[in-house]
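Everything below concerns the one structure shown next.
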Amino acid sequence: MTLSERDLQVIWHPYTQMQTAAAPIGIVRGEGACVYAEDGTKYIDAVSSWWVNIHGHAHPYIAQKVAEQLMKLEHVIFAGFTHQGAVELAERLLAILPSNQKKAFYSDNGSTAVEVAIKMCLQYWHNKGEQRTKIVAFKNAYHGDTFGAMSVSGRSAFTAAFDSLLFDVEFIDLPDASNLADIKAYITSIKSQISSFIFEPLVQGSAGMVMYEAAYLDELLAHCKAEGILLIADEVFTGFGRTGKNFACDHLQTQPDIMCFSKGLTGGTMAFGLTTCTQDIYNAFLSDDKLKTLFHGHSYTANPVACAAALASLDLFLHPSVQENIDRIVAAHQAFAVRINGHRSVRSTRQTGTIIAIEWETGNNTSYFSSLRDKLYHYFLDAGIILRPLGNIVYILPPYCITNEELNYIYSKIEHALDEI
Ligand SMILES: *Cc1c(COP(=O)(O)O)cnc(C)c1O
């Protein structure tokens, strides 16, 4: 039996309607921007395996560092103990984050990084004896799939079964020239109850690669800060070069109080989460009173192997050739957008850094569940490209090592699809 056949007997896949989904493709190895199936088919991973991969698959340098770490120390309890990788990773990351980020709290994935951020904010006010229990978030936000992260995410078909159990959140529109003054006034009117504001800076990935301007976000953040509201930048998706700079917050003047990271943190090698915060937030938990402790942790907190993968990924990431690759992808995307804008099947294109999104013309059926999405998905798979359209939005966000030849192949197949579908 193939992997694919054996899988169907025993596995339940994420975000998959198991009754109607095609059998999964068994992947046996990866190299560069490509993965290889058990039948020998090569696929270009144009979505970086759900946005996590930045240096390509099975990178030998990361593999080497992970292997060395496994021979030295695979794991140790992280309460009462520490280790080289956890300390060094915190030192090196804090040095390149916005200068107010002073402390690192490790967890396991993006959702847990967000849970930690939310709990830090709520307990910050609790420890100070203030009743600030509400959180502000953007409509259509996505911050993860656990209950707290789901609560601060937009209500949608994905949350419908749980909506009555999610805690109340003040949802606001993305800021633009027309609504910024109203949003600021609204925030001021409710500020005494608000603990924090969580946002995906510049790009709302899961919402359909929705992009908005740094300048308006910056003004909104400055306003929230002036009103005493804590700012949580969810950089789980935008971190590590996706937006063209190291972090999306590098496009902003106002520094967040808390930042969340995961996807690119280990270069796409393994699950890991990180929440960083300011000295002020950290200080609010310092007390002789044990009840002011942040009571949160996971069995695998600061796993040394994950730290080794993240450190190796960081070594690669900070090499100038990576920024050159990012700049090359940015320029290639720009030229591609110019070429296809005006095509009858293109409603619009948008780009932030290495992310380009093409909104397909659909008449009026734009649902995620539309047949267009499945048609496009299978069209690209048949062409040896992994693209996962969000409804009628086709986006490319490749590993930074993708070659020009691979990029051009993806562009040409999208152009064919625009003509044919
Ligand atoms: C993917 C994502 C998350 C959740 O991360 P997981 O590791 O999938 O739990 C949170 N926030 C944003 C912005 C994301 O894109």
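Don't overthink the numbers, they just go from 1 along the chain as shown.
Backbone N, Cα and C atoms are what each Cβ position is placed from, and that goes for glycine too.
Annotated substrate binding site per TrEMBL: Trp50, Tyr142, Lys263, Gly297, Arg388, in sequence order. For the recorded site, Arg388 (substrate binding site), the DSSP three-state label reads coil.
According to TrEMBL, the pyridoxal 5'-phosphate binding site annotation covers Gly110, Ser111, Asp234, His298, Ser299. For Ser299 (pyridoxal 5'-phosphate binding site), the count of additional Cβ atoms within 10 Å of its Cβ stands at 9 [all protein chains shown].
Taken from TrEMBL, the feature N6-(pyridoxal phosphate)lysine applies to Lys263. Sequence-distant contacts of Lys263 (substrate binding site), defined by Cβ-Cβ distance under 8 angstroms and a gap of at least six in the same chain, are Trp50, Trp51, Val52, Gly110, Val236, Phe237, Gly239, Phe240.
A simple way to gauge crowding: the CB of Gly297 (substrate binding site) has 15 other CB atoms within 10 angstroms, across all the protein chains here.
With Trp50, Tyr142, Lys263, Gly297, Arg388 listed as the residues that bind substrate, the site has a largest C-alpha separation of 33 Å. Taking the Cα of Ser111 (pyridoxal 5'-phosphate binding site) as the reference point, the closest of the binding-site residues Tyr142, Gly297, Arg388 is Tyr142. A Cβ distance below 6 Å to any atom of ligand 1 is met, among the binding-site residues Asp234, Gly297, Arg388, by Asp234.
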